[in-house]
Every structure is written in C-alpha cells, then in structure tokens.
C-alpha cells in the first residue's frame with residue numbers, strides 16, 4: 001500500500017491513515033469529512049502484463065491475431081471495460097506489450113474478467129479502441145481477483161481460458177489455452193517522502209475554546225479541485241503542535257513539483273471541523289523549508305460574499321524532517337510469503353433477542369437475506385480469504401450457554417471441544433447458523449477471553465517463525481462490560497501480529513466504546529500502567545452498503561496494511577526474512 005500515515009507506536013496513532021480508521025465515532029467524524037472531499041484511502045499502482053499460450057486457431061490460412069480486453073466486475077455483476085491490448089498478428093502464443101495500470105486496494109474485492117478475441121485482418125488498420133467486439137472472433141475468457149495475483153510469490157497467475165458457450169456445459173470444452181497475468185508494483189508507489197510537520201501560534205476566533213489541530217494534505221487535480229491523500233493524528237489542546245511523521249509516496253503526490261495543499265483543522269467530534277489556515281507547497285518547496293529552517297505563514301480564505309484577498313495569519317508551518325527513501329511495501333511482504341488469517345467472534349448475549357423472532361439481530365431470514373452478523377462476516381471474509389492459503393479460520397462465540405453447560409465467553413463456533421477452525425467464510429456462516437440452535441443466549445458481554453484466545457494463536461505463530469498476520473473481527477450488539485480486562489488484553493496483544501475490528505450491530509449507544517480508541521481516549525493503558533505499543537483496534541457501528549463498491553465494514557480493512565507495516569517495521573522484519 002502507499003505509505004501515507006502517521007506512525008506513532010507508543011502514543012495515539014493517526015485520526016486515520018486510511019478510510020475509517022480506529023475505534024470510534026470521532027474517527028468516523030474525521031473520515032466521513034475526508035470521504036466527502038474525495039478521500040479514498042491508500043492504494044498502490046499496479047502494472048499488469050499479459051501473455052497467452054495454445055490459443056484456439058480460428059483462421060483458415062494463418063494463425064489467430066489475438067487481442068485481450070480487460071474488464072472490472074462490479075458488485076452488481078456488470079462489467080466495465082478497463083483497457084485493450086494491441087493485436088499480435090499470426091500468433092497462438094502472444095506476449096502483449098501493452099500493459100494495464102490499475103490501483104490496488106486491499107479492502108476491495110477487485111474482480112477482473114479477460115476476453116481474448118481474434119481480430120480479422122480487414123480491421124488491422126483500425127485502432128483497437130475503434131474495434132467492434134461483436135465483429136471479432138471470440139477465443140475464450142478467464143477471471144480472477146487482483147488479490148490472487150499479488151499474493152503469488154512471483155506475482156504471476158496462470159488461468160485456464162474457457163469458451164463461454166461451453167463453460168457451463170457437462171461436455172468437455174474445446175481446448176482454449178491459458179492466460180498468464182503478471183503484476184508489478186510501480187516504483188512511484190515505493191518512493192516515499194517522510195516529513196515531520198509542525199505549526200506555531202495557531203489562532204482561534206474564540207479565545208476561550210481549545211484547539212485540537214490536525215493536518216490534511218491534498219493534491220490538486222485537472223479540474224482544479226483537490227483530493228485528500230494524507231492526514232495526521234489529532235493533537236489535543238495544543239497551539240504549537242508537532243505531529244508524528246507522515247509518509248507520502250510519489251504515486252500520491254504526483255511529482256515533487258506538483259502543488260500540495262496543506263490545511264490545518266480544529267477537530268470537532270460532530271464532523272464539522274473548522275479550518276484554521278492553509279498553505280500550498282510542492283514537495284520541492286517543503287524540502288526548501290526544511291533546509292532553511294524557516295516557516296511559512298498559513299493563510300485563511302475570505303468570507304463568503306467578500307472579494308478581499310486571502311488573509312495571511314501569524315500561524316506558521318515548519319518542516320522539521322524531510323527525507324526520501326525506497327520503502328518496502330505491503331505488497332513486498334505478501335510476495336515474501338506473508339499471509340493474513342481471518343478470525344471471528346460472535347456475540348450471543350441475550351440482548352440480541354430471541355433468534356426465532358424477526359426482531360432479533362440473530363434472526364435467520366427464510367428469504368436468504370443476511371442479518372447484520374452474517375453481512376459483517378461476509379464483507380470482511382470475502383476480502384481476507386484471498387490472503388490465506390489454507391482458508392481455515394478460527395471462529396468463536398461468546399456470551400452464551402451451550403447445552404447442559406455454564407455460560408461461556410469463548411466457545412468454538414463449530415461445536416467442537418478440540419478445534420476452533422472452519423473451512424472458509426461459508427464455513428463460518430454454517431457454524432454460526434448451527435450454533436444458534438445449540439446454545440442459549442445469555443451474557444454478559446465480555447471481550448477479554450476471545451481477545452486472549454486470538455492473541456495466543458498469534459503469539460504461537462510468531463514464536464514458531466510464522467509469516468502470518470491475524471485479523472480478529474468481533475461482532476457485538478452491546479457495550480463491553482469487562483472494560484479493564486479488555487484493555488489489559490489489548491495492551492498485551494499490541495506487540496503481536498494482530499489487528500482487531502469491532503463492529504457494533506443494532507441500535508445500542510456505542511459511545512462508551514470510545515474508551516478503546518487511541519485517538520479519542522489517549523494511550524491505552526493496562527491496570528499495571530503498561531502502555532500499548534501500537535493501536536490495533538478499530539470500531540464502527542454497522543451500516544448497510546449504501547451504493548458504491550465498498551461498505552463501511554470493508555472500509556475498516558483499509559487500515560490493516562498500515563497496522564501490519566507498523567508491526568513488521570517495529571521488529572525490523574524484512575519481506576524475505578523470518579522474524580526472530
């Protein structure tokens with residue numbers, strides 16, 4: 001992923017290095033604010049090349065003249081054409097020169113569909129974009145998810161081409177050949193600028209109000225509008241803040257000469273953040289500020305209806321550090337053999353309501369429409385499944401009384417007393433449905449036992465030299481009652497290869513969950529005073545998908561690559577080496 005975040009291992013992390021960062025409504029307030037301005041999280045630009053072998057020969061006097069057409073498959077099943085290669089003449093084993101550039105996003109299932117056509121000789125004088133595909137000879141098609149390509153050790157995936165009319169037939173299809181897809185991360189996604197930014201003499205129109213400042217860095221686009229690409233953490237009540245380092249890659253900045261807009265906002269939990277002032281500087285100009293040690297004055301925009309010039313403020317922006325380097329990226333670690341392992345824990349407390357009644361959060365709709373628990377499992381599982389080779393996922397329940405047993409705050413969802421893993425996302429859903437018939441809902445809501453169980457698995461993997469990073473999804477309908485035990489478990493787990501996503505379902509007031517958030521509540525401390533080494537928790541109330549290609553639950557996942565990188569860098573783990 002592109003490395004644009006504030007790295008703070010011991011204290012509060014960024015208000016969100018990506019979409020919907022850490023654990024509470026205050027983060028949602030910041031992230032919704034940025035989303036409304038076009039922010040879409042971090043990404044890496046991928047260059048994809050194509051080759052094929054043993055294609056069908058549909059020409060009489062010569063070999064086929066193949067062209068590849070690439071589509072993106074949307075959530076509704078529709079196809080959007082992305083690009084076309086050139087036509088390779090007289091070849092059944094083409095290696096196309098034209099490459100596809102695409103933005104890779106960890107939190108999105110990016111399904112690609114490939115169609116191969118034999119272009120008739122009479123159309124060779126036309127540009128490929130002018131060709132009507134229904135006039136060309138169809139040779140076959142294939143599909144895959146972008147995640148399947150980038151998780152290969154050599155980032156190459158070979159697919160069987162199938163013939164559309166025969167792909168669903170019981171008879172043996174004609175031999176259609178193979179398509180090999182190879183991905184390379186663009187160098188601009190790795191070339192990274194690290195900056196420490198500081199402001200002085202921040203002012204406020206209300207002298208009696210506190211200032212909780214944070215920065216948003218945006219790049220300008222052709223339409224002259226700006227799109228946020230980076231943001232810092234919120235610093236509480238500080239007129240002279242120094243933020244944690246931010247990392248901005250060339251892919252995000254555009255170039256060193258491209259203008260960047262740096263805005264300083266006063267944080268407001270209702271999402272209406274007040275603009276204190278702004279500057280416009282390129283990376284070249286920011287480097288000059290660093291070398292000179294001087295600051296640059298912020299300015300404020302004129303009020304609506306006034307035509308006077310921007311007002312220069314006393315507040316200044318300083319660059320205390322400016323370095324450039326080539327960073328190992330999330331994709332480098334995937335290619336080096338790292339995997340993501342999905343875990344899930346489901347709340348079976350009585351406050352969910354009787355599962356047999358339609359008003360219960362656990363009600364299984366006969367129509368097949370998933371309830372909130374099922375939806376959250378599907379949305380996270382369908383992303384993470386591509387990053388785990390064996391697709392065996394630990395799954396637990398908590399807050400229920402198994403048949404003829406006491407209340408359990410961490411029981412295996414599959415009903416086994418010996419093992420907790422199930423096969424794939426579908427296995428989790430089946431175990432969840434089965435558990436609803438085999439346990440009695442009880443309480444209270446305790447997170448500590450499931451977090452400790454997940455931490456034990458992560459700890460054992462780390463001790464054995466495993467190259468796995470674990471993501472625990474906790475789905476709950478209420479506020480945690482073992483707050484201190486949960487804090488203790490989270491602080492202990494912060495040293496492990498583990499991230500925790502907490503999704504709140506139902507209409508409960510989840511405001512008390514803010515205490516788990518490193519942004520809102522400051523450093524997370526255990527009962528003994530130990531401070532969490534990094535932020536590993538995110539919380540969001542469940543919302544249904546509201547159009548678009550990504551849900552709020554999946555948006556939580558956008559922060560996972562940053563948390564992963566924070567972990568491996570803190571241990572100085574390289575992509576091609578095992579941790580000690």
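Even glycines carry a Cβ here, placed using N, Cα and C.
Looking only at the domain 'C2' (24-159), the predicted model's pLDDT averages out at 85. Feature annotation from TrEMBL assigns domain 'C2' to 24-159 (among others).
When DSSP labels each residue, the domain 'C2' (175-299) comes out as 17 helix, 56 strand, 52 coil, counted as helix, strand and coil in that order. Under the heading domain 'C2', TrEMBL lists 175-299 (among others).
Feature annotation from TrEMBL assigns domain 'VWFA' to 341-560.
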Could you give me the DSSP helix, strand and coil counts for the domain 'C2' (24-159)? 25 helix, 51 strand, 60 coil
